[in-house]
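For reference, the structure is listed below as structure tokens.
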Amino acid sequence: MNIALIAHDEKKEDMIQFTTAYTHVLSKHRLFATGTTGMKISNATGLQIHRFQSGPLGGDQQIGAMIANGEMDMIIFFRDPLTAQPHEPDVSALMRLCDVHQIPLVTNIAGAEIFIHGLSRGDLKWREIIKERQEKEGTP
């Protein structure tokens, strides 16, 4: 599965701790992240991560493009709800795209724990089955 990892500045340490704890699960998937978050996770865990621009420079929109193209399966986004973000419209657009395209999105560590356990159990295998069927039928 393709999984995006995003964290606002005040939540980056939480993301590093989370990805360190679940490296054994995340290492089985293709990981994508916004710039600084991806670098910090990779340095801390050794996970291979495709890094986009930082969020304020368009990284959220790059991940959004993957969602719109059917190339993203899950978003783990540790948001900081107590700090105003200069790129908040991009964050809202990303969340909207997840809703439109039925992409699981979690915005805090409690929800991420549920997602990661579901991922390790195979609860999201249905996404891969649908993708394979669409590829055979040639439908988007």
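The backbone N, Cα and C atoms fix where each Cβ goes, and this holds for glycine too.
Residues or ranges marked as domain 'MGS-like' by Swiss-Prot: 1-140. In terms of DSSP secondary structure, the domain 'MGS-like' (1-140) contains 80 helix, 20 strand, 40 coil.
For His8, Lys12, Thr34, Gly35, Thr36, Thr37, Ser54, Gly55, His87, the entry in Swiss-Prot reads substrate binding site, with the evidence type sequence analysis.
Same-chain residues at least 6 positions away in sequence with a Cβ under 8 Å from that of Asp60 (active site, proton donor/acceptor) are, in sequence order, Ile6, Thr34, His87, Asp90, Val91, Ala93, Leu94. Under the heading active site, proton donor/acceptor, Swiss-Prot lists Asp60, citing sequence analysis as support.
Shown in sequence order, Ile6, Ala7, Asp9, Ala33, Pro56, Gly59 are the same-chain residues outside His8, Lys12, Thr34, Gly35, Thr36, Thr37, Ser54, Gly55, His87 whose Cβ sits within 8 Å of the Cβ centre of the substrate site. Most other Cβ atoms within 10 A: among the binding-site residues Thr34, Thr36, Ser54, that distinction falls to Thr34. Long-range C-beta contacts of His8 (substrate binding site), restricted to its own chain and to partners at least six residues apart, with a cutoff below 8 Å, comprise Gly55, Phe78, Arg79, Asp80, Thr83, Gln85.
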